[in-house]
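Structure first, commentary second.
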Amino acid sequence: METLVVDHPLVAHKLTTLRDVRTDSPTFRRLADELVTLLAYEATRDVRVTDVTVDTPLAPAHGVRLARPVPLVVPILRAGLGMLDGMTRLLPTAEVGFLGMIRDESTLKAQTYATRLPEDLSGRQCYVLDPMLATGGTLAAAIHFLFDRGARDVTAICLLAAPEGIAYLDEAFRSGDRPIRVVTAALDERLNENGYIVPGLGDAGDRLYGVV
Ligand SMILES: O=P(O)(O)OC[C@H]1O[C@H](OP(=O)(O)OP(=O)(O)O)[C@H](O)[C@@H]1O
Ligand SMILES: O=c1cc[nH]c(=O)[nH]1
Ligand SMILES: [Mg+2]
(Lines of atoms letter the chains of each structure in order from A and count residues from 1; the text may use other names and numbers.)
(Lines give C-alpha, C1' and ligand atoms only; values in the text may rest on other atoms or scores of the structure.)
(Ligands and ions follow the chains in the order given, each with its own letter.)
Protein backbone atom coordinates (compact mmCIF):
# COMPACT_ATOMS: atom_id res chain seq x y z
CA MET A 1 0.00 0.00 0.00
CA GLU A 2 1.21 3.47 -0.84
CA THR A 3 0.58 6.35 1.60
CA LEU A 4 1.08 9.92 0.47
CA VAL A 5 0.98 12.71 3.07
CA VAL A 6 0.62 15.89 1.04
CA ASP A 7 3.24 18.31 2.29
CA HIS A 8 2.15 21.80 1.25
CA PRO A 9 1.80 25.00 3.29
CA LEU A 10 -1.72 25.69 1.99
CA VAL A 11 -2.83 22.21 3.00
CA ALA A 12 -1.30 22.66 6.46
CA HIS A 13 -2.88 26.11 6.82
CA LYS A 14 -6.40 24.95 5.94
CA LEU A 15 -6.08 21.80 8.03
CA THR A 16 -5.07 23.84 11.09
CA THR A 17 -8.27 25.90 10.92
CA LEU A 18 -10.31 22.76 10.24
CA ARG A 19 -8.99 21.18 13.43
CA ASP A 20 -9.71 24.27 15.55
CA VAL A 21 -12.65 23.60 17.88
CA ARG A 22 -13.80 27.22 17.36
CA THR A 23 -14.34 26.69 13.61
CA ASP A 24 -18.06 26.74 12.86
CA SER A 25 -19.89 24.36 10.54
CA PRO A 26 -20.10 26.65 7.46
CA THR A 27 -16.36 27.36 7.66
CA PHE A 28 -15.60 23.69 8.30
CA ARG A 29 -17.55 22.73 5.15
CA ARG A 30 -15.77 25.32 3.03
CA LEU A 31 -12.32 24.27 4.27
CA ALA A 32 -13.03 20.57 3.79
CA ASP A 33 -14.10 21.36 0.23
CA GLU A 34 -10.97 23.40 -0.48
CA LEU A 35 -8.67 20.81 1.09
CA VAL A 36 -10.08 18.00 -1.02
CA THR A 37 -9.36 19.90 -4.20
CA LEU A 38 -5.73 20.29 -3.14
CA LEU A 39 -5.45 16.61 -2.17
CA ALA A 40 -7.22 15.55 -5.37
CA TYR A 41 -4.57 17.30 -7.41
CA GLU A 42 -2.00 14.84 -5.99
CA ALA A 43 -4.35 11.87 -5.85
CA THR A 44 -5.13 12.09 -9.57
CA ARG A 45 -1.52 12.29 -10.68
CA ASP A 46 -1.91 8.84 -12.32
CA VAL A 47 -5.40 9.36 -13.71
CA ARG A 48 -5.61 7.70 -17.12
CA VAL A 49 -5.63 9.95 -20.16
CA THR A 50 -5.62 9.42 -23.92
CA ASP A 51 -3.76 11.45 -26.49
CA VAL A 52 -5.81 13.86 -28.60
CA THR A 53 -5.12 16.65 -31.02
CA VAL A 54 -7.10 19.91 -31.01
CA ASP A 55 -6.92 22.86 -33.36
CA THR A 56 -5.89 26.12 -31.76
CA PRO A 57 -6.66 29.27 -33.80
CA LEU A 58 -3.14 28.86 -35.20
CA ALA A 59 -2.22 25.19 -35.52
CA PRO A 60 -2.94 21.66 -34.31
CA ALA A 61 -1.82 21.02 -30.71
CA HIS A 62 -1.22 17.65 -29.11
CA GLY A 63 -2.82 17.15 -25.71
CA VAL A 64 -4.75 14.68 -23.57
CA ARG A 65 -8.27 14.03 -22.36
CA LEU A 66 -9.49 11.80 -19.52
CA ALA A 67 -9.64 8.20 -20.78
CA ARG A 68 -12.82 6.13 -20.84
CA PRO A 69 -14.28 4.64 -18.75
CA VAL A 70 -14.22 7.82 -16.69
CA PRO A 71 -13.15 7.59 -13.03
CA LEU A 72 -15.64 6.71 -10.32
CA VAL A 73 -15.74 8.87 -7.20
CA VAL A 74 -17.21 7.19 -4.11
CA PRO A 75 -17.97 9.33 -1.06
CA ILE A 76 -18.64 7.33 2.12
CA LEU A 77 -21.76 8.82 3.70
CA ARG A 78 -22.21 10.80 5.74
CA ALA A 79 -18.95 12.68 6.22
CA GLY A 80 -17.51 11.80 2.79
CA LEU A 81 -20.32 13.79 1.20
CA GLY A 82 -18.56 16.92 2.45
CA MET A 83 -15.69 16.05 0.08
CA LEU A 84 -17.69 15.37 -3.07
CA ASP A 85 -17.98 18.86 -4.55
CA GLY A 86 -14.28 19.57 -3.99
CA MET A 87 -13.43 16.37 -5.88
CA THR A 88 -15.83 16.75 -8.79
CA ARG A 89 -14.68 20.34 -9.29
CA LEU A 90 -11.38 18.82 -10.41
CA LEU A 91 -12.91 15.81 -12.18
CA PRO A 92 -16.23 17.15 -13.52
CA THR A 93 -16.81 14.22 -15.89
CA ALA A 94 -16.30 11.55 -13.21
CA GLU A 95 -19.25 9.38 -12.25
CA VAL A 96 -20.30 9.08 -8.62
CA GLY A 97 -21.22 6.00 -6.60
CA PHE A 98 -22.33 6.01 -2.97
CA LEU A 99 -21.63 3.93 0.11
CA GLY A 100 -23.43 4.64 3.36
CA MET A 101 -21.47 3.32 6.31
CA ILE A 102 -21.52 3.96 10.03
CA ARG A 103 -19.11 2.83 12.67
CA ASP A 104 -20.69 1.26 15.73
CA GLU A 105 -19.16 3.40 18.46
CA SER A 106 -19.07 0.54 21.01
CA THR A 107 -17.49 -2.16 18.81
CA LEU A 108 -15.79 0.23 16.32
CA LYS A 109 -17.01 -2.08 13.52
CA ALA A 110 -18.34 -0.53 10.33
CA GLN A 111 -21.90 -1.30 9.23
CA THR A 112 -23.16 -0.63 5.69
CA TYR A 113 -26.62 0.89 5.30
CA ALA A 114 -26.57 1.94 1.63
CA THR A 115 -24.80 0.90 -1.57
CA ARG A 116 -25.32 2.51 -4.95
CA LEU A 117 -22.42 1.53 -7.18
CA PRO A 118 -22.09 0.44 -10.82
CA GLU A 119 -22.28 -3.37 -11.09
CA ASP A 120 -19.07 -3.68 -13.09
CA LEU A 121 -16.05 -1.69 -12.03
CA SER A 122 -13.47 -3.51 -14.14
CA GLY A 123 -11.16 -0.98 -15.77
CA ARG A 124 -12.45 1.88 -13.61
CA GLN A 125 -10.16 4.05 -11.53
CA CYS A 126 -11.94 4.58 -8.21
CA TYR A 127 -11.43 7.45 -5.76
CA VAL A 128 -12.94 6.85 -2.31
CA LEU A 129 -13.65 9.92 -0.18
CA ASP A 130 -13.77 9.80 3.61
CA PRO A 131 -12.35 12.53 5.83
CA MET A 132 -11.29 10.22 8.67
CA LEU A 133 -9.20 7.06 8.49
CA ALA A 134 -9.24 5.93 12.12
CA THR A 135 -9.17 2.14 12.77
CA GLY A 136 -9.41 1.60 9.00
CA GLY A 137 -12.43 -0.71 9.29
CA THR A 138 -14.74 1.55 7.28
CA LEU A 139 -12.29 2.15 4.46
CA ALA A 140 -11.29 -1.51 4.26
CA ALA A 141 -14.95 -2.54 3.93
CA ALA A 142 -15.50 0.13 1.25
CA ILE A 143 -12.49 -1.05 -0.76
CA HIS A 144 -13.71 -4.66 -0.52
CA PHE A 145 -17.03 -3.54 -2.05
CA LEU A 146 -15.15 -2.02 -4.99
CA PHE A 147 -12.84 -5.02 -5.42
CA ASP A 148 -15.83 -7.37 -5.35
CA ARG A 149 -17.20 -5.48 -8.37
CA GLY A 150 -13.95 -5.80 -10.28
CA ALA A 151 -12.07 -2.60 -9.43
CA ARG A 152 -8.29 -2.97 -9.47
CA ASP A 153 -7.19 0.63 -9.03
CA VAL A 154 -8.39 2.31 -5.83
CA THR A 155 -7.16 5.54 -4.27
CA ALA A 156 -8.60 6.79 -0.96
CA ILE A 157 -8.53 10.50 -0.15
CA CYS A 158 -8.74 11.23 3.58
CA LEU A 159 -8.28 14.53 5.36
CA LEU A 160 -6.68 12.80 8.36
CA ALA A 161 -5.25 9.34 9.00
CA ALA A 162 -4.16 7.49 12.13
CA PRO A 163 -1.11 5.21 12.09
CA GLU A 164 -3.32 2.36 13.37
CA GLY A 165 -5.63 2.71 10.34
CA ILE A 166 -2.75 2.81 7.87
CA ALA A 167 -1.25 -0.33 9.48
CA TYR A 168 -4.64 -2.09 9.35
CA LEU A 169 -5.10 -1.37 5.64
CA ASP A 170 -1.52 -2.33 4.88
CA GLU A 171 -2.15 -5.73 6.47
CA ALA A 172 -5.63 -6.17 4.96
CA PHE A 173 -4.43 -5.51 1.40
CA ARG A 174 -0.97 -6.98 1.78
CA SER A 175 -1.34 -9.56 -1.01
CA GLY A 176 -0.50 -6.77 -3.45
CA ASP A 177 -2.30 -8.02 -6.56
CA ARG A 178 -4.58 -4.99 -6.27
CA PRO A 179 -2.51 -2.29 -4.59
CA ILE A 180 -4.26 0.67 -2.99
CA ARG A 181 -3.18 4.23 -2.32
CA VAL A 182 -4.09 6.57 0.52
CA VAL A 183 -3.64 10.31 0.07
CA THR A 184 -4.03 12.41 3.21
CA ALA A 185 -3.32 15.88 4.54
CA ALA A 186 -1.76 14.55 7.77
CA LEU A 187 -0.81 11.39 9.61
CA ASP A 188 -1.74 12.07 13.22
CA GLU A 189 -0.29 10.63 16.44
CA ARG A 190 -2.69 7.86 17.48
CA LEU A 191 -6.22 6.73 18.29
CA ASN A 192 -7.66 7.35 21.74
CA GLU A 193 -9.56 4.73 23.79
CA ASN A 194 -12.78 5.60 21.89
CA GLY A 195 -11.19 5.10 18.46
CA TYR A 196 -10.94 8.82 17.73
CA ILE A 197 -7.93 10.31 15.99
CA VAL A 198 -5.69 12.40 18.29
CA PRO A 199 -5.22 15.30 17.95
CA GLY A 200 -7.62 14.89 15.01
CA LEU A 201 -10.56 17.22 14.53
CA GLY A 202 -13.32 15.45 16.43
CA ASP A 203 -16.30 13.83 14.69
CA ALA A 204 -16.10 14.93 11.07
CA GLY A 205 -19.74 14.09 10.29
CA ASP A 206 -20.99 16.05 13.27
CA ARG A 207 -18.78 19.03 12.49
CA LEU A 208 -20.03 19.05 8.89
CA TYR A 209 -23.70 18.34 9.44
CA GLY A 210 -24.46 18.55 13.16
CA VAL A 211 -24.97 15.91 15.83
CA VAL A 212 -27.60 13.26 15.00
O1 LIG B 1 -11.64 4.13 10.37
P2 LIG B 1 -12.85 3.84 11.20
O3 LIG B 1 -12.50 3.48 12.62
O4 LIG B 1 -13.76 2.84 10.57
O5 LIG B 1 -13.65 5.22 11.39
C6 LIG B 1 -13.78 6.17 10.40
C7 LIG B 1 -15.21 6.37 10.01
O8 LIG B 1 -15.93 7.04 11.06
C9 LIG B 1 -16.54 8.22 10.54
O10 LIG B 1 -17.83 7.98 10.07
P11 LIG B 1 -19.07 7.73 11.08
O12 LIG B 1 -19.19 6.28 11.39
O13 LIG B 1 -18.94 8.64 12.24
O14 LIG B 1 -20.30 8.11 10.19
P15 LIG B 1 -20.80 9.54 9.70
O16 LIG B 1 -19.97 9.88 8.50
O17 LIG B 1 -22.23 9.34 9.37
O18 LIG B 1 -20.60 10.53 10.82
C19 LIG B 1 -15.63 8.60 9.40
O20 LIG B 1 -16.21 9.48 8.48
C21 LIG B 1 -15.27 7.27 8.79
O22 LIG B 1 -16.23 6.81 7.87
O1 LIG C 1 -11.50 10.86 14.90
C2 LIG C 1 -12.49 10.35 14.33
C3 LIG C 1 -12.65 8.96 14.21
C4 LIG C 1 -13.73 8.47 13.55
N5 LIG C 1 -14.65 9.33 13.05
C6 LIG C 1 -14.50 10.68 13.16
O7 LIG C 1 -15.34 11.44 12.66
N8 LIG C 1 -13.43 11.15 13.82
MG1 LIG D 1 -19.46 10.53 12.45
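Using N, Cα and C of the backbone, Cβ positions are placed for all residues, glycine too.
Automatic prediction, not curation, is the source of TrEMBL annotations.
Of the residues Asp7, Asp203, TrEMBL puts just one in the 5-phospho-alpha-D-ribose 1-diphosphate site with Arg78, Arg103, Asp130, Pro131, Met132, Leu133, Ala134, Thr135, Gly136, Gly137, Thr138: Asp203. According to DSSP, Gly202 (uracil binding site) sits in a coil region rather than a helix or strand. Close to Ala134 (5-phospho-alpha-D-ribose 1-diphosphate binding site), meaning Cα to Cα within 10 A, are the following binding-site residues out of Ile197, Asp203, Ala204: Ile197. Note: the CA-CA distance between Thr138 (5-phospho-alpha-D-ribose 1-diphosphate binding site) and Ala204 (uracil binding site) rounds to 14 Å. For Arg78 (5-phospho-alpha-D-ribose 1-diphosphate binding site) paired with Ala204 (uracil binding site), the C-alpha to C-alpha distance reads 9 Å. The binding-site residues near ligand 3, defined by a Cβ under 6 Å from one of its atoms, are Asp203, chosen from Asp130, Ala134, Gly136, Ile197, Gly202, Asp203.
In the three-state DSSP reading, Thr138 (5-phospho-alpha-D-ribose 1-diphosphate binding site) counts as helix.
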